[in-house]
């Protein structure tokens with residue numbers, strides 16, 4: 001009998017459906033249902049002058065005729081009609097929502113008459129709730145709010161497949177075949193406890209055994225349901241803590257409304273379920289009263305187009321006026337750039353480029369259904385100690401949606417999406433990674449060069465197509481990842497070596513071409529600059545505690561964050577005809593200049609100027625226009641975008657760091673490399689070792705250029721054919 005005790009005590013008359021209600025309780029229920037019915041039938045919007053419309057009556061009729069058996073009720077409308085009704089619904093939503101749905105069914109019956117033949121039976125109506133009240137946080141939900149209506153924002157990180165749940169069941173006794181039908185099952189994740197005994201008394205036959213009942217599937221009434229996993233918003237997570245999760249239960253028309261990665265605000269009933277079977281051992285009996293919480297969803301609002309946690313929706317008219325005044329200032333571009341990481345000295349062009357990344361260009365949907373990304377991707381390469389990681393940390397805090405991750409601790413699944421087993425249903429479910437959770441914002445990836453090549457390849461699609469396609473464990477789907485990527489990396493040798501050219505960087509051109517701007521950050525030795533920098537750092541340390549207000553000409557962090565969210569939501573500038581003409585002419589000049597350079601040097605350039613670079617300049621121009629809330633991009637914006645592109649990607653390309661995979665583009669160069677490699681392999685067999693200095697000296701005597709010898713050695717090391725030993729003095733051949 002120990003198992004019986006663990007499951008709680010149930011009475012044999014529990015199959016009678018709901019608990020019997022006294023006359024007073026029944027009368028009160030009827031009275032409340034009547035008031036709900038009056039609300040749905042009589043609530044109207046409009047004035048005497050413009051005329052009234054019956055909001056919910058008309059909506060019920062329209063939805064019912066379209067075959068959509070649901071209606072969305074605003075809690076503010078209910079409160080303005082009858083304050084007590086709204087209070088009942090907030091404090092005891094489980095029973096009163098049922099009354100509201102019954103009232104909606106009766107009103108739908110009235111407004112849809114006469115119905116066609118065969119449709120005489122009125123369908124059940126699902127009522128969804130919506131409220132403009134301030135949302136709470138997952139970590140603020142306490143036991144006092146149990147069984148109350150709550151409003152919670154967050155990100156959907158996992159969704160199960162849609163399954164069926166019985167709302168009314170029929171059971172039959174195995175022994176005497178006695179059937180009990182139409183037993184109501186409570187909504188949510190609560191199950192139904194089968195009666196232990198059959199009470200049917202028949203003379204002359206033995207008594208029915210214990211646990212005789214089984215469910216008749218054909219006579220059950222079922223609805224669709226789906227469970228979701230909600231994670232709290234990143235900006236609501238205290239520093240150093242893990243984000244909290246909450247299980248959600250959706251049924252009927254609320255199923256399949258969201259996918260992992262969606263930012264949502266849900267209205268639901270804070271409920272509890274039994275937290276699994278407790279152990280039969282005595283020491284675990286203390287957990288008999290413990291229940292795990294979940295939210296039974298009664299309304300979902302999805303933040304569309306990932307504009308940044310609906311930040312624009314919470315902006316007051318006074319703030320909007322302030323933002324419009326800010327946008328028309330002639331020096332807004334410099335002001336925003338100055339406000340980005342003000343504690344970091346210099347790096348003006350990088351800060352301006354980060355400002356463009358935060359505002360982003362305009363996403364375009366073409367007539368054939370394809371899209372062109374509007375987000376700007378930025379890569380910072382260079383020396384340690386140049387505040388790359390500090391800039392990344394600031395952007396994570398400043399962006400409306402920001403996710404920070406480090407390359408060494410990030411896997412392909414963690415960045416894109418993973419498929420795992422649901423511990424309850426044992427079905428496969430999908431969980432979105434960093435780039436899915438940052439949909440509509442910025443992903444900051446530090447130590448980009450420390451990532452494994454396989455993991456780095458996983459974000460190719462996310463960076464250009466802005467989607468993540470999954471085909472594993474029987475799940476084939478596409479998730480949105482409409483986010484900018486801000487990455488920071490060190491060079492291969494730790495510090496940037498100008499003599500090494502493209503050997504400083506170990507990235508494939510496939511990933512480099514996806515970055516709109518690539519900055520090489522060098523720690524240059526300049527006495528005047530070092531003096532100014534040291535003075536700035538000392539000032540930051542001395543005034544770290546005292547300085548609270550923002551410096552003149554800067555925007556404080558919260559205002560900047562709201563301004564970025566407002567501009568992203570309200571403005572999507574396009575190129576003006578003059579700006580497009582100017583950009584076209586400059587692109588043709590860049591292409592012809594590259595062609596002339598190839599003709600003069602009789603060598604094909606390894607730095608291509610392609611359409612992808614042209615689109616990058618367009619995106620930068622649009623972000624400059626968005627900063628000023630302009631509908632069209634001007635020639636001045638195009639000039640500045642071309643200047644930024646020149647000081648970043650083109651300068652990096654001219655330094656030789658973005659050349660092809662081999663770095664040698666002519667046929668003669670390739671033949672020379674293969675000759676050096678063949679001679680090198682002949683020099684020492686597999687498993688032997690030789691001094692690197694002597695190898696280089698031998699090849700130099702044969703008049704081979706030193707950079708070509710180093711290139712071959714680096715290539716062979718990358719392929720795992722040789723590696724260094726004895727403090728990089730000796731080469732050892734592996735294969």
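Placed from the backbone N, Cα and C atoms, the Cβ positions cover glycine too.
Keep in mind it's a predicted model, so treat the numbers as computed, not measured.
Summarising the annotation, Swiss-Prot assigns domain 'MCM' to 332-538.
Per Swiss-Prot, ADP binding site is recorded for 372, and the stated evidence type is similarity to another entry. In three-state terms derived from DSSP, residue 372 (ADP binding site) belongs to an extended strand segment. With a 10 A radius on its CB, residue 372 (ADP binding site) counts 14 other CB atoms from all the protein chains.
Residues or ranges marked as motif 'Arginine finger' by Swiss-Prot: 513-516. Here the motif 'Arginine finger' (513-516) has long-range neighbours at 376-379, 460, 463-464, 485, 487, 610, 612, 616, 619-620, 645, 649, meaning same-chain residues at least 6 beyond its ends whose C-beta is under 8 angstroms from one of its own.
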Averaged pLDDT, computed only over the residues in the domain 'MCM' (332-538):
81
